Amino acid sequence: MENKDYVIKNSFTSENGVTHTYFKQLYKGKEIMNADISVNVDKNGNVLSYSDAFSKKASESGDSFSGEDDFFNNLEESLFAAMEALDFEVEGLDKDGGNNFDGENGGVKGIESAEEYLLGPDGEVNAVTSVYVDSGENMLIAYVNSDKQVVAANNLVHEAKYGVYPIGVNDPSDGEKAVVEEQGSTKASPYGWHDEGNGNKFTSTKGNNVIAYANLKGEKDVKNPEPVDGGDELNFDFPVDLKKDPSEYVNAAVANLFYVSNMIHDVFYVHGFDEASGNFQNNNFDKGGLGNDAVNVQAQDGSGFNNANFATPKDGKRPKMRMYVWDKTDIKRDGDLDNGIIIHEYTHGLSNRLTGGANNDNCMTGPESKGMGEGWGDAMAIAFRLRKEHNRDTEFGMGNYVGNTAPNKGIRNFPYSTNMQHNPQTYSSTNQYKSKNFNNNHAIGAVWNSMLYEVLFNLIDKKGFSPDLLSGKAEHGNTLFIRLLIDGMKLHPCNPSFIQARDAIILADQVLNNSDNKCEIWKGFAKRGLGKDAKLEDNEAKDGFELPEECK
């Protein structure tokens, strides 16, 4: 293959010595948006894993564009086709420079469009117009062909409906609100949480990693966000009275959201989600990646109830988390006090940035990969809430506080449990959620995390538990679990299947620990049908419970 046939989109070397390189195929000098190759090479130059979604037909005659003269007209037509198909309303276009447009009265904040190429199901190359839309509530990419048909679409906002004070306390039903000092990592946040390290210092819930503020009116685009001020003493201890409406303690909600989001940033950082791999920071301190993308986190978003979401654009573009109030009880409850929800949502940003590289926002769109995005969120929420007294007999529900359910019930179909009678789900359980008109991503994700839950406690049983998530040492079962999930995301291909993600986690342990925990990982997956003989055929999952010989 000649250099003119591809471009390197992203390449970085993790602390474990593995170099991750992501390629895009070119056609007539332009990128094919869903044609990706990822290569993972260890420090000795050995190829650990390799995935190839390049088209073998790209050298043949393919679709092309009609010419630059008609670009705006084609773009406008494509935009309206995309908006109609995706149920967005736009009454007019106002060109603001380049290929960017604003909807005049349609509630669309911003639109970016371009001519690109997309592979069809048989590997043929199709000319499409990509339409990137930020409506405030959604960030969406659609691809429209020359017949003005939407051939592919991906919403970058991930919805969540679960639940969850300091790290280790899941929610107000799980422990008491406490006053804590800044607990972050100097490695991850060298200037602290209120200083960007470039002269910009703040006394509010704003810093290099996170900008937190309330959005009580439910505005799609908050023009002038107002972070909560803690004064020169940086005192963000605000009262909470759970017998009152959440709007009465909104400052406390913003403070909790800011604290938890920064803790997540720092924990993920010390375990491998750093600047070079595409994390969320305004100032990247010349360590790689693109900056100016601290997370905007919105507390008590007034546009709805019983939800949360996280939009993840490419590296260098600012993501947005929206948290909501829940009305499942007589006195409403605030998702901003439910740390599990916050952790789940932030994890969408983690998996989207790491899967396929930080400059690729189309790598979590497959039926199983979408579900795994939800499952990883649940997995990290549990990993952060664990305490020493928890063990493999402990059962967790997601969203039990805001959803007003029993502690081990939550809003999933089953609790997370190692007891097969309490949670019988196996790999083939995903089929019932794929067979509907739309994929039930949360249900598919719950199957994935049921497997990860087994792996988590296999590792804890072997290596013990540590409450210190910030040391960066993956020496205990729970901290190793976090590290392997993050390393695995860097190793699996764009749009991975359950099997590919499983193999990436096993490979991550091979790189990090010379496969010392191989059998603990295999046994966790095989118990729930993702053994070495599991298969995915025509999108149908087939259980397999076989272990490698050395693990029997």
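Residue positions begin at 1 at the first shown residue.
Every residue gets a Cβ built from N, Cα and C, even glycine.
The shown structure was predicted, so the numbers you read here are calculated from the model rather than taken from an experiment.
Among the features that TrEMBL reports, active site is placed at E345. The local packing around E345 (active site), expressed as other Cβ atoms within 10 Å of its Cβ over all shown chains, amounts to 28. DSSP gives E345 (active site) a helix state.
As annotated by TrEMBL, Zn(2+) binding site applies to E159, H344, H348, E374. A helical conformation is recorded for E374 (Zn(2+) binding site) in the three-state DSSP classification.
Model confidence over the domain 'FTP' (5-54) is summarised by a mean pLDDT of 87. According to TrEMBL, the domain 'FTP' annotation covers 5-54.
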Please report the number of other Cβ atoms within 10 Å of the Cβ of H348 (Zn(2+) binding site).
26
How do the residues of the domain 'FTP' (5-54) split into helix, strand and coil according to DSSP?
1 helix, 35 strand, 14 coil
Taking every protein chain shown into account, which of the binding-site residues H344, E374 has the largest tally of Cβ atoms within 10 Å of its Cβ?
H344
